[in-house]
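Over in TrEMBL, the protein carries these features:
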- Asp70, Val73, Gly75, Asp77, Ser79, Glu88: Ca(2+) binding site (BINDING)
- Pro161: substrate binding site (BINDING)
- Cys38-Cys114: disulfide bond (DISULFID)
- Cys71-Cys76: disulfide bond (DISULFID)
- 28-189: domain 'Plant heme peroxidase family profile' (DOMAIN)
- 1-26: signal peptide (SIGNAL)
- Arg65: site 'Transition state stabilizer' (SITE)
Amino acid sequence: MAASEMAALLFLFTALILLRSSFVHSQGLQIGFYDSYCPDAEDIVRSTVEQYYVKDATIAPALLRLHFHDCFVQGCDASVLISGASSERSAPQNFGLRGFEVIDDAKSQLEAVCPGVVSCADILALAARDTVDLTGGPSWSVPLGRRDGRISLASGANALPSPADPVSVQRQKFADQGLSDHDLVSTRL
């Protein structure tokens, strides 16, 4: 895939993520959430993403896809990161997801500086934003303060749209997430 095609794809997914983030903003998220408790959090995530991106540029769409799959199931709660035989991560719909090591690495670095402060859900949201920016797409301020989910069920991944789904099913899956037909078409381009 050419760099311009990758950037265009990332931009389209970004639009969907931004629309989805308006939902989580109503959950008490705020810009600068970690400014007092872990002021270097965003820089640590950014530098971690950059290190992986320099080694393998395909990590950018992988991280954005990982964030999309997390948010679409039960909100942006990092439940897709939980391992287990019956977890979201093990669901057939999530086959091929990658980028877990980037989130794990950023989390380890953050735990060394600010133990127990920064959620994996926020790390994943920041990583998605940073990958879009690194590929030449837009950047934005990410409202933070998400809490990590503790429940992760493979059956939850049934909410994810599939290329094999009829259009009517895809429309319903997007509507169930508060998204429109326009959002559906934008992600399919």
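Don't overthink the numbers, they just go from 1 along the chain as shown.
Cβ atoms are placed via backbone N, Cα and C, with glycine included.
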Compute the C-alpha separation of Gly75 (Ca(2+) binding site) from Pro161 (substrate binding site), stating it in Å without decimals.
15
Rounded distance in angstrom between the Cα atoms of Glu88 (Ca(2+) binding site) and Cys114 (disulfide bond):
28
Between the Cα atoms of Cys38 (disulfide bond) and Cys76 (disulfide bond), find the distance and write it as a whole number of Å.
21
Recorded positions Arg65, Cys114, Pro161: which have a Cα within 10 Å of Ser79 (Ca(2+) binding site)?
none
Using the recorded Ca(2+) site (Asp70, Val73, Gly75, Asp77, Ser79, Glu88) as reference, state which further residues of the same chain have their Cβ within 8 Å of the centre of those residues' Cβ atoms, listed in sequence order.
His69, Cys71, Phe72, Gln74, Cys76, Ala78, Val80, Gly149, Ser152, Gly156
What are the non-local neighbours of Cys114 (disulfide bond), defined as same-chain residues 6+ apart in sequence with CB under 8 A from its CB?
Tyr34, Tyr37, Cys38, Asp40, Ala41
Using Cys76 (disulfide bond) as the reference point, find which of the recorded positions Arg65, Asp70, Pro161 has the shortest Cα-to-Cα distance to it.
Asp70
